[in-house]
Amino acid sequence: MGRWKRMITAILSGGLIAAAFATDIVKRKIPNRLTAAGLLIGLLLHTVMEGLAGAGYALTGAALGFAPLLLLYWMHAVGAGDVKLFAALGALTGAEFVLQSIMYSLLYAAFISCLILIWRREWKQRGGRIARSLLLFAWFKEPRQLKAFGRSPQHLRFPFMWAVLPAAATVFYQIL
């Protein structure tokens, strides 16, 4: 990716992430207008700059951002806005960036969850349930174990953007 294209995608994707972070923190929603605009801008940008190869680049990034988050959505781990955001982010930045962002987002989310549990002094109580669900899933390979855990009223919830923002910053730092 050329220097100018990298700079343009960094500015656009950084703006997308900042706007999504702000709305997710304030309203606990990521607007469809924001994610649709990010997806279309990414597709148009890469298509105009590189033709069909650019369109393929954007569509591949969008698909690879969408699919893993859709699985997490089905397990009630993230919201629909997060799924669409990662599709838009993939269209803007491509497969490498979006896959690394997903990986780091999950790591940061686990770290934030641990901090919340320690802060609330619920580590022992919830940790046992989490371990039990993960062991049942690992032993029986039964996705219902994880899905049922995600629906639990005791499921720990916080805006996923708390994890996405530092994850994207980490990937920006590594790539740029």
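Positions of Cβ are set from backbone N, Cα and C atoms, glycine also.
TrEMBL annotations: computationally assigned, not manually curated.
Database features (TrEMBL):
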DOMAIN    16-113  domain 'Prepilin type IV endopeptidase peptidase'
TRANSMEM  32-49  transmembrane segment
TRANSMEM  56-77  transmembrane segment
TRANSMEM  97-119  transmembrane segment
Remote residues contacting the transmembrane segment (32-49) - C-beta distance under 8 A, at least 6 residues beyond either end: 5, 8-9, 12-13, 16, 19-20, 23, 55, 57-59, 61-62, 81, 84-85, 87-93
Surrounding residues of the transmembrane segment (97-119) on its own chain - C-beta under 8 Å, 6+ positions past either end: 13, 61, 64-65, 68-69, 86, 89-90, 126-127, 156, 158, 160, 162-164, 166-168, 170-171, 174-175
For the domain 'Prepilin type IV endopeptidase peptidase' (16-113), the number of residues DSSP places in helix, strand and coil: 87 helix, 0 strand, 11 coil
